[in-house]
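Quick notes on the structure that follows.
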Amino acid sequence: MNSNERRSKLIDILKESKHPVKGGTLAELLNVSRQVIVQDIALIRARGFEIIATPQGYIIYNQPYFTKQIKCKNHKDSKEIYDELKIIVDLGGIIKDVIVNHPTYGQITAELNIYSKMDIDNFMKKVETNEFKQLSVLTECSHIHTIEAIKEETIEAIVKELKDNGILS
């Protein structure tokens with residue numbers, strides 16, 4: 001397989017994946033080093049493909065997504081965080097980020113890119129081991145998530161379920 005064929009295959013893998021794909025996984029699938037993948041990604045981006053690097057791996061925006069910002073109540077404990085994230089993911093949503101309004105610094109945004117139950121579990125491990133502080137503790141107020149889904153009906157179902165569970169503020 002030459003380099004153009006490899007890049008074409010790389011694009012296909014990312015387009016077909018519903019979740020981020022780690023660079024190491026791509027390297028294994030294509031029998032090249034991780035560094036070659038990084039170089040290929042740069043060349044593919046230069047051709048106009050929107051490829052995003054996240055902590056969970058690479059993703060390509062190849063489908064239109066419906067996006068909505070939802071305002072959620074502050075959490076009392078980690079179970080409430082888990083429940084909130086799980087509802088969104090279980091119904092087919094993606095949690096792109098979290099936003100809080102700080103009285104001094106204004107709006108603070110942190111990327112989450114939570115796509116799956118595994119992503120939730122990894123996030124919760126960090127929360128429970130105090131590896132980082134949640135942004136919502138800075139304000140002790142509600143927070144906003146940007147969520148995405150392939151269908152508008154999915155967004156509507158997520159909002160309804162969050163509302164029914166008393167999570168929206």
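Cβ from N, Cα, C; glycine included.
Database features, via TrEMBL:
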| type | residues | note |
| --- | --- | --- |
| BINDING | HIS75, GLU84, HIS143, HIS145 | Ni(2+) binding site |
| DOMAIN | 6-59 | domain 'Helix-turn-helix type 11' |
| DOMAIN | 74-168 | domain '3H' |
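Sequence features, as recorded in TrEMBL, placed on the structure.
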{"residue": "HIS75", "record": "Ni(2+) binding site", "DSSP (3 states)": "coil"}
{"residue": "GLU84", "record": "Ni(2+) binding site", "DSSP (3 states)": "helix"}
{"residue": "HIS143", "record": "Ni(2+) binding site", "DSSP (3 states)": "strand"}
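Note: the domain 'Helix-turn-helix type 11' (6-59) comprises 32 helix, 8 strand, 14 coil (DSSP; helix = H, G, I, strand = E, B). For HIS145 (Ni(2+) binding site), other Cβ atoms within 10 Å of its Cβ number 23.
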